[in-house]
Amino acid sequence: MASSSSSSSSTNSSAVTGRLPGARSANPRKARILGLFDAIQDAVGPPKQAAADRRTVEKTWKLMDKVVRLCQNPKLQLKNSPPYILDILPDTYQHLRLILSKYDDNQKLAQLSENEYFKIYIDSLMKKSKRAIRLFKEGKERMYEEQSQERRNLTKLSLIFSHMLAEIKAIFPSGQFQGDNFRITKADAAEFWRKFFGERTIVPWKIFRQCLHEVHQISSGLEAMALKSTIDLTCNDYISVFEFDIFTRLFQPWTSILRNWNFLAVTHPGYMAFLTYDEVKARLQKYSTKPGSYIFRLSCTRLGQWAIGYVTADGNILQTIPHNKPLFQALIDGSREGFYLYPDGRSYNPDLTDLCEPTPHDHIKVTQEQYELYCEMGSTFQLCKICAENDKDVKIEPCGHLMCTSCLTSWQESDGQGCPFCRCEIKGTEPIVVDPFDPRDENRCCSFNDSLCTPMLDFDDDDLREECLIMNRLASLRKMNERQNSPVTSPGSSPLSQRRKTPPDPLQIPHLNLPPVPPRLDLIQKGLARSPCASPTGSPKSSPCMVRKQDKPLPAPPPPLREPPPPPERPPPIPPDSRTCRHLHHTENVPCRDQSTQHDAWCTRDISGASQPSICRVAHDGSPKLGVPSSSVLNGRHSRMSTEAGFIRHKHHKRRESPLETIRVYNGLSGNEEYDVPPRLSPPPPPPTITIHPAIKCPLLVNSVSDKVRNSAEEDDSEYKIPSSHPVSSRLPLHCHSIKHFPRLCENGQCLSNGTHNGISEIKKLKQPDQGDVIATSTVPVPLPSARTSARENHPHGSSLTRTPSDYDLLVPHPGEESFDSSPPSQPPPPPPARTCVPEHAMPTASGCRPNSDVDLFLPHSDPCPEAPLPPARRGPGEAKSNRLSQEYDQLPSCPDCPQAPARPPKPVPRRTAPEIHHRRHYNCDSLAENVDAKIAKLMGEGFPFEEVKRALEIAQNNVDVARSILREFAFPPPVCPRLHL
């Protein structure tokens with residue numbers, strides 16, 4: 001080994017290998033001779049190994065057994081401390097038997113015997129066993145003297161056997177060969193190995209040295225010899241991927257690995273090569289009167305980590321293994337604190353500060369999907385999911401999960417084994433720097449620039465830049481983190497990484513899709529009062545939005561003053577700054593105001609972005625955050641066509657590329673209503689704009705939107721505008737043929753997406769008689785059954801919800817038909833009859849019951865917690881029929897050729913027209929079932945799972961307040977952004 005310890009340690013290291021295996025020679029002439037021998041051996045190369053068949057393995061076992069019997073001599077008095085050869089050799093024997101049992105038949109055994117690594121390993125094991133036997137023969141009585149050179153050589157062989165056991169277990173975990181899949185801890189070191197050696201498990205030292213020299217120059221043959229003795233832990237003239245991983249972890253970082261090795265192993269007097277725990281203690285005993293004396297060695301029980309032994313102020317000798325930091329940093333910190341002052345008792349303590357040059361941290365950028373996902377859960381990607389207080393600043397290697405340093409330290413100090421998330425062995429850590437999500441980086445924002453029909457795929461973020469950056473600056477204070485494969489996917493993801501996977505459905509994410517975190521009972525106690533955390537079910541905290549939602553009851557619905565909308569053939573001009581819902585009954589649209597104030601209250605914990613649920617909706621789409629008055633926000637999204645459509649388009653692409661993409665692809669919002677935020681109040685803006693939802697891909701029934709616009713007395717016909725983002729004929733008479741790809745809407749009566757809540761509700765309010773019918777005259781949006789109620793639509797009580805032409809006079813086709821496949825009628829149909837949900841939605845008496853309609857999201861209710869159910873993501877017509885019961889959680893690819901529908905229009909105000917009253921009476925028989933559905937939808941909108949809501953309502957006998965209390969007591973709602981001010 002390349003040791004700078006005293007010459008005694010240098011001579012000690014030469015006995016086992018016959019040359020200088022670890023120490024430098026004080027004699028330059030001898031060093032040159034040894035270097036010449038090494039060069040000759042490199043030129044010749046190691047001999048080829050014979051096949052390691054069963055006979056060879058059994059012969060090796062006999063040699064190992066003989067070594068064990070020799071070491072069991074009572075006169076030897078071996079100490080039962082690592083490395084204990086009487087444990088190591090039997091363990092090696094057992095693991096070899098396990099390997100042979102996995103390759104029992106002849107074909108597999110032949111494959112094993114020809115395995116390059118296994119042949120080299122068995123040959124080396126046989127040679128080391130013979131060498132140990134020779135020690136006893138040559139040493140004779142000196143073997144029983146604890147301080148003799150022969151005894152020291154036996155101890156060194158014990159260390160080598162220990163390294164070999166660790167290596168065979170790493171390459172053959174559970175007896176199966178995994179050398180080609182071995183994961184090197186440091187990413188840059190792994191890249192080096194893959195580049196030069198591919199999937200090889202072991203390479204000759206000569207080849208390894210040449211390849212390493214191309215990246216890190218090796219100055220001389222003597223340095224190469226010393227380097228080999230450091231890396232070649234098993235002393236077999238080969239470098240395995242396992243040994244390379246250990247070396248890179250010990251002398252990290254990779255960019256300066258040889259420089260670090262020279263400072264720490266070659267020139268540092270405190271480095272001890274191949275020393276054991278007992279030997280370190282014995283060596284420091286002579287410095288017991290000199291506190292601060294220290295030496296360090298490779299840990300034999302935790303390969304890849306350092307063990308530092310030092311003398312305390314009271315003369316005791318302690319040994320410690322530093323965690324989560326390079327050795328030079330641990331030595332610098334210990335020197336500053338007065339623990340590591342005199343290496344090997346010497347007065348000169350090398351200055352290692354030069355090794356502390358700032359190394360570039362692993363910058364992790366938050367993807368749009370991660371950003372939206374964590375916003376929907378009321379958290380931020382960079383927030384540590386264990387404590388929910390600090391930012392993630394460290395990455396665990398090799399699994400890639402992310403967390404804050406304080407949590408990792410606490411976990412390790414409490415004897416936590418492995419990664420807190422996946423329990424994978426922690427082989428190292430890397431500091432990370434979180435970069436905030438910036439939509440400009442990937443053209444995620446778009447602006448319509450007053451164009452009437454800007455194609456949905458054109459990305460132009462100029463208009464949104466300023467607003468998006470507001471959120472991004474806030475988020476940057478908390479430093480958002482990318483995937484570690486980035487991820488990071490926190491981890492996911494976490495991390496990580498890291499290996500980003502398609503984000504799961506937001507409808508399920510809060511409960512299922514994030515890695516579990518270590519339980520934090522203390523945090524669970526104060527979960528509701530603490531900042532939000534994006535961890536999954538195991539998360540110690542629940543989102544404060546769930547607490548504060550209950551504080552702001554929504555006002556009763558405004559009086560029904562709505563008029564029938566004009567014909568749907570309206571032109572679609574839409575000013576970019578128009579607001580759809582901003583000026584709809586400003587005085588009555590209290591939910592908007594509540595939304596704004598609630599955002600402020602909800603995010604009071606930290607504007608730095610640790611928990612930005614308020615901005616989580618907005619930041620993504622660029623709407624103002626945290627009390628900043630939103631000029632126009634639909635469901636917490638900026639209603640500017642530029643902002644919302646920009647993200648819609650991006651999500652549109654995402655849905656096309658990955659069918660399982662989450663529903664939150666709507667302007668960065670989850671398709672489920674529980675994550676949508678009702679529009680905020682803001683000064684009356686220009687005429688309203690209608691954003692098109694990518695998942696809907698249809699020009700949303702503009703007359704429905706105009707219907708809402710008509711809701712305001714001061715609005716004129718100019719407010720009937722088709723979304724400027726319409727990629728298809730914006731002047732079409734708002735036919736539902738564009739909705740033909742929404743069988744979910746038709747088949748389940750569900751809201752297509754959060755972006756279409758209003759429009760869909762409008763669609764629903766217009767009884768859809770036939771596929772593709774135009775919603776022309778319906779003025780009162782009849783709520784569509786929520787995503788959660790879709791599963792119940794097949795139930796008997798939902799007969800009114802059965803998708804029949806009679807039930808959906810205007811829009812919904814018969815279940816047997818392809819939804820909206822028929823060509824749209826050229827003329828607007830008569831006012832549609834109210835759907836089953838109408839009694840709750842339109843009748844003032846039912847205002848307390850939240851209808852299943854998604855449009856109800858925008859309806860102010862007297863009930864303090866009207867939350868709409870989670871709308872499912874859109875799916876293809878064929879899929880919708882086959883998966884009706886599971887649609888609420890499905891994330892489905894958008895139809896690329898389908899026109900895009902606007903995002904949520906403003907809240908429709910129920911009107912009491914004769915047709916509605918008539919239909920209300922007609923479906924009054926089912927109002928009870930719909931009331932139950934509305935209650936389920938309301939509680940689901942607060943973030944509780946469907947099954948728990950259903951069970952709680954059964955226990956509470958359909959009493960919403962009692963059910964809510966039960967859910968809060970026994971089911972932690974996932975942290976979500978407040979959408980309705982519940």
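Backbone N, Cα and C define each Cβ position, glycine as well.
Copied over from Swiss-Prot:
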type	residues	note
REGION	1-25	region 'Disordered'
REGION	46-178	region '4H'
BINDING	ASP232, THR234, ASN236, TYR238, GLU243	Ca(2+) binding site
REGION	252-354	region 'SH2-like'
BINDING	ARG297	4-O-phospho-L-tyrosine binding site
REGION	480-582	region 'Disordered'
REGION	709-728	region 'Disordered'
REGION	766-911	region 'Disordered'
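Sequence-distant neighbours of GLU243 (Ca(2+) binding site) (same chain, 6+ apart, CB under 8 A from its CB) are GLU167, ILE231, ASP232, LEU233, THR234. Under DSSP, residues within the region '4H' (46-178) fall into helix, strand and coil as 102 helix, 0 strand, 31 coil.
When the Cα atoms are compared, TYR238 (Ca(2+) binding site) and the residue listed as '4-O-phospho-L-tyrosine binding site' turn out to be 22 Å apart. Taken through DSSP, the region 'SH2-like' (252-354) splits into 35 helix, 19 strand, 49 coil. GLU243 (Ca(2+) binding site) falls within a helix when secondary structure is assigned with DSSP. In the structure as shown, the Cβ atom of ASP232 (Ca(2+) binding site) sits within 10 Å of 23 other Cβ atoms. Of all the Cβ atoms in the protein chains shown, 25 others lie within 10 Å of the Cβ of THR234 (Ca(2+) binding site). Neighbour count (other Cβ atoms within 10 Å of the Cβ, all protein chains): 24 for ASN236 (Ca(2+) binding site). Long-range Cβ contacts of the residue listed as '4-O-phospho-L-tyrosine binding site' within its own chain (separation 6+, distance under 8 Å): TYR271, MET272, ALA273, PHE274, LEU275, VAL280, TRP306, ALA307, GLY309. Highlighted in sequence order, SER124, ILE202, TRP205, ILE231, LEU233, CYS235, ASP237, ILE239, SER240 have their Cβ within 8 Å of the centre of the Cβ atoms of ASP232, THR234, ASN236, TYR238, GLU243, the residues recorded for Ca(2+), and are not part of that set.
The secondary structure of ASP232 (Ca(2+) binding site), as reduced to three states from DSSP, is coil rather than helix or strand.
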